[in-house]
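Enquirer: Pasting in a structure now, in structure tokens, and then I'll have a few things to ask.
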Amino acid sequence: MDALLAGLNAAQRSAVTSPASVLQVLAPPGSGKTKTLTARVAYLINHDGFLPWNIIVCTFTIKAAREMKERIRGLVGDGIEAKLVLGTFHSVARRFLVRYGHLIGIEKNFGIADSKDSLAILKRIIKRQGYTVEPSVARSRISSLKARSTTAAQFAATSKKVEQHEFANIYTEYEETLRLSNQLDYDDLLLRCADLLRKHRDCVSTIQAVLIDEFQDTNHVQYELMSLFAQYMKRITIVGDPDQSIYGFRSAEIKNLERMREQYPETIVVNLENNYRSSGCILTAALAVIEQDESRPSKPLLPTHCVGERPILRKLPSAAVESKWIVTEIQRSKTLTGELFNFNDFSILLRSASLSRHIETSLGKAGIPYRMVGGHRFFDRVEVKIILDYLRVINQPDQNDALARIINVPPRTIGEVTVKSMLEEAELKKITLWELVRKAVRGEKRPETKLSKQAEKGLETFFNLIHTSRNKLLNADGQGCSLIDLIAYVLKKLSFEEYLRKSHPDDFENRWANVEELVAQATDMAVAAEDGINSDEDALPVVKGIEQREDSSEDLLSKFLANVALSTEVEKAEGEQIEQVTISTIHAAKGLEWPVVFIPAIYEGSIPHSRAEDTDEERRLLYVGMTRAQSLLYLSCPTKNSQRENTTLSQFIAPRNVTRVVDTKGPSFGFGVTQDLARILRRPCPPESVIQGARGLIERAEDDLWPLDGEELDPENNYWEPSNINSDTLPTSLPSKRRRVEAMTAVTTFAASVTTQNPSGYTVSSTTIKSGFVSAATHMQTIREIEASRKDLCHQGSTNTKAHQNESKKFGASLSTTKTTKKRPAGQGSITSFFASSTPTATQATGKPHQPSTTLKIYPPLPALPTLTRQDSLHDISHVHTVQTEQNLPYAAPSLPTHKLRNAPLHRRPRKAAHEEEVEATRYVLLSSSPVKSEDGERNAAGNEVVNKDSSSPIKPPISTSHSNISFSNGFRPASTLRTTSMAQLRNQPAPQRRTLGTRRSLQGWSVKTHQPPRPR
């Protein structure tokens, strides 16, 4: 007994040893509820002397039942746990119906209609009657009514509306179809068991204790079953947590806890407070969420691990970016912790499965293996389903849907139309399909459905196979037939191996292996039955005065088929990798845990869901998801959802008491952080050298790839970048943008490889327009002459600069403006950099790193411009802006622009700076391109006109910066691009005079019409 209580804390020990007849154990996440419940069962057996077969233990999943049975075996000894009445609610109810169902008219070897069978029945009913309701909606509604113990007759009696009468007819006909087929659906197992125990109370007269797991998820019928199981001894122990009640859509009632305390006033409540799963910070954030529900009772939740890392609430621009961020965080945390985590340690929990599209795409592109929780059951494989349907029909021929699926498999020339017609005929005549086939084959009564000679022969072959198989099963021929022999007989008669080889030649080996696996499972059950192993699985305590059905030869087949119908095991995909990231809904993750958990889409409409009726249950759902995490918890909210609609942060996360306990970016992984994570997970920590060396294995060691405020990156650059993170594909049409003239604003550019945005990286730069052919020797000689003249003039211009520095600073400050723009990554420019003039790098001027500034320095007007030859003017680039420092800079070779003009149309004229207005009126330019040859006299005359005009009206040079302070004598300012000079000429031309055709319309307003002069009287 001491060993049983040794591993329990004070609260758990109190719950296990409590003498109370009715006990409620409220166990929050990670508090060890399963350990407490199994210890309670062992305590009742070892200490109180209860008999195992008189104890009922109900769970909600087969996995939980199996785990509980394993733990009890370790506490009470091997073999004793098999005598317990332990399983899911449905499996325990089936036990009672198998043994005592005849007392309420349920025939032996009844069938269980699974969800697909129920849906098929409803589809036929709705189609035959011409109703408009969806079959899946009708199935859900029927299940909801049965969960509240409402029969078809009770619903029909209270129906008043036309729609209700229509549904009542569907419900009634559905129940009649199940009755004729001797089948019960999942809800009927619970309803009919409750009906049995109400009418025959003695069936549970020997039950000494009832224990229920996950009590907060019970519905009305399950609560009633609990009370009926314990109606004699009234000894009940339940384990649950009202904060984890998340199955309201399955008719679970959280009020059952309060209802139980009212029905049993002697109830004792024990609270488990210690959490053995999550870090302190994760629990703090989870409590901040769940405590927003003021109606819940206050319960402490104490961490047993260290504080750990704070949960992350990350804002991101879009759902696509959110999925990419999840991938980068998986890679970053896995690498920077020295492989402390593997892919199995990561889970992505979704409010709804529809959110997985972007995430699956990003994981696939990154080459990260993942698995979806759910999938196909092994027993749903086509080849396995065929064999199981044959066994169902052999065991119970009245199952219409199973018989209809196999009547032409393998092909027997019985068409699909013929099968449907016969099925409809049987249901209209209120007989089974098997009875219709039997009468047709024996010639007793010809069916109304027209049958061809080939179809009649196929029906005869099918009937003979089922009939002979049933005779073997029922031992009608005096020869015993085991389950294995029966399956082998069916496979041989069907030539099933040959059929699979012909119908599935590409996948024959895998499919035949599945058939062999099914045979192996049946063999294991048959051998266990012969050796007496698990013989008590379906046993119930013998009650005096009540007859129990005895087991027969066909009961082994019934048990095998029932285990298949109630199984929830999911097959593993072929070739499934060992390490995989898990993608699951929060509902499916109940009871599970992972070291790292991501919960994306934390916004209104997702959680709480837009169709949710109970906001409190949605809050509990988020609480359950958060408490699945052991060491790291990531929450994320995109500013735009997958439909590119704006989102609002979830009301469960927005309050101040939640945001103050979370961080806005992923953790910075170092040796200390890794030590805490390893301590929480109880794993060895990688050496510090490995942690430090891991930072060189990843491109970004911090979570800084996207803005922390969730704003989108500058779309002007993103649309042109081939790796646009804001959309999966580049836009088909780009918005037309024009250059914004901001003379006072510096543009920061970034170094990159040669792209269409960086034309200077090409072998030939095309920023200066030239015509004709120029040899390399002539070109180099011209450059040397220009450089020599600039070196001479550089010192002369610097003396005039200092005199005007103060005035220029004031003037520049008055012109500089600030404008809020969207944030973009460091070193990334905008579309305006395509049109702005190039600036020399700092290394060219001073050899030091360049520090970008937001305001360019303005210098005073340059002195008179010297006379240049025509050849010199073609190579001059003195109008190009640059950034100058306070000190005299040494001569730097000119750098060509690094932008490329965009050929999008300009919607309106670029804005000019205010100080350029008066300059534009008197500034003249000379096109740098070679003009068409003309007579020398005309060219000289045009040149004289320019000189004379310049002499009569002195030019005030524009305020700008240049590579060097060059003085020219004649006021001539050369241009380097055709586009700039063309725009300048257009601005100097007067606006064209407006012309009208016909009578000129008056432009006077409406006031003239309404205020006319008075007419003479």
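Cβ atoms here come from the backbone N, Cα and C positions, even for glycine.
Feature table excerpt (TrEMBL):
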- 6-279: domain 'UvrD-like helicase ATP-binding' (DOMAIN)
- Ala27, Pro28, Pro29, Gly30, Ser31, Gly32, Lys33, Thr34: ATP binding site (BINDING)
- 280-591: domain 'UvrD-like helicase C-terminal' (DOMAIN)
- 797-831: region 'Disordered' (REGION)
- 929-1017: region 'Disordered' (REGION)
- 951-964: compositional bias 'Low complexity' (COMPBIAS)
- 977-991: compositional bias 'Polar residues' (COMPBIAS)
- 999-1010: compositional bias 'Polar residues' (COMPBIAS)
Enquirer: Would you list the other residues of this chain near ATP - those whose C-beta lies within 8 angstroms of the C-beta centroid of Ala27, Pro28, Pro29, Gly30, Ser31, Gly32, Lys33, Thr34 - in sequence order?
Expert: Thr36, Asp241, Leu272, Asn275, Tyr276, Arg277
Enquirer: Using CB atoms and a 10 A radius, I'd like the single residue among the binding-site residues Pro28, Pro29, Gly30, Gly32 with the highest neighbour count.
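Expert: The largest 10 Å Cβ neighbour count belongs to Pro28.
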Enquirer: Averaged across the domain 'UvrD-like helicase C-terminal' (280-591), what pLDDT does the model get? Just tell me the whole number, please.
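Expert: Summarising the domain 'UvrD-like helicase C-terminal' (280-591) by its mean pLDDT gives 84.
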Enquirer: Taking the Cβ of Thr34 (ATP binding site) as the reference point, list residues of the same chain whose Cβ is under 8 angstroms away and which are at least six residues distant in sequence.
Expert: Ala64, Glu67, Met68, Arg71, Asp213
Enquirer: Just jot down the residues in the same chain as Ala27 (ATP binding site), at least 6 apart in sequence, with C-beta under 8 A of its C-beta; none if empty.
Expert: Lys33, Thr36, Val239, Gly240, Asp241, Leu272
